[in-house]
Amino acid sequence: MTGSLLGVGAAALVANFLDAQALHDWGWRLPFLGGSLLGVTAIWIRRNLHDSRRFAEHHAQREETSPLLEAFTTNRRETILALIFAAGYGTCYYIAFVFLPEWLTDRHLMARGTALAINTAATLAIIPLMPLFAIVGDRWLPRRTWIALAILVLAVLAVPLYLWMLDSGGSLASVVVAHAAFFGLLAVPLGSAPALFVEMFPEPDRLSGYSVAFNVGVGVFGGMTPMISTSLMAWSGSDIAPAIHFTVAAAIAILALALTPDRSRDPLR
């Protein structure tokens, strides 16, 4: 979430401090420049990190294999379910965290700088909520049930919230409430889903299964969300197409959760 906060915060800064022409001509490059510097720093940090002794011993005993092949042969069912859940959940994330400010701007409901500032504030606000919501899945509700409940409420609210923002002409109240609902409820899977992914796979194949399912689901399917939502609006002529897209993605995530055994109260395999 820190990366998301830095990304949207950088976009908000350039949108608020540069005029439209400067932003179009060269200003849009500034966040990417900052991101490239962070990327180089991350590579340097990773190259200087040392793996734990237990990991090194475990890694030395394993034969070299393809993580992608291993994920879909050794733990096929778990990988497919995790990938489907990640794709649905990742789509919901991208619609709320990435596409919503652009939708507000393109529909002439709010200035880009204001929309990005609200998005930045909402991202910052949920960071402390994520560990608190994760505790609920750790101690009181089964993790799978807790995540499914949050996503179900999101599925129910998506279309009404988008309609409210449209009907009110992008009033500040409607946009703030929509961000509070989307971001606040998404804080549940953001805080709890990592543990869910870990529980789905046995120790020898955990990293392969988790990384393949999460990165393909969120990175590929989730990353295509802005393009898909834009295409759906153009094809249907409906301004609430992203909300319908969100609802369908939420339903897919819930279906995957329903087919996934809950192991939140069991020892790790």
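Each Cβ is built from the backbone N, Cα and C atoms, and glycine gets one as well.
TrEMBL does not curate its annotations; it predicts them automatically.
What TrEMBL records for 1-265 is domain 'Major facilitator superfamily (MFS) profile'.
Per TrEMBL, transmembrane segment is recorded for 30-45 (among others).
Taken from TrEMBL, the feature transmembrane segment applies to 80-101 (among others).
Feature annotation from TrEMBL assigns transmembrane segment to 113-134 (among others).
The transmembrane segment annotation in TrEMBL covers 146-166 (among others).
Outside the transmembrane segment (172-198), and at least 6 residues removed from its termini, the chain residues within Cβ reach (under 8 Å) are 1, 82, 85-86, 89, 92-93, 96-97, 100, 104, 109-110, 115, 118-119, 122-123, 125-126, 129-134, 136-138, 143-144, 146-147, 149-151, 153-154, 157-158, 161-162, 164-165, 206, 209-210, 213-214, 260, 264, 268. The annotation transmembrane segment is assigned in TrEMBL to 172-198 (among others).
According to TrEMBL, the transmembrane segment annotation covers 210-228 (among others).
If you look up TrEMBL, you'll see 240-259 (among others) marked as transmembrane segment.
Averaged across the domain 'Major facilitator superfamily (MFS) profile' (1-265), the predicted model reaches a pLDDT of 85.
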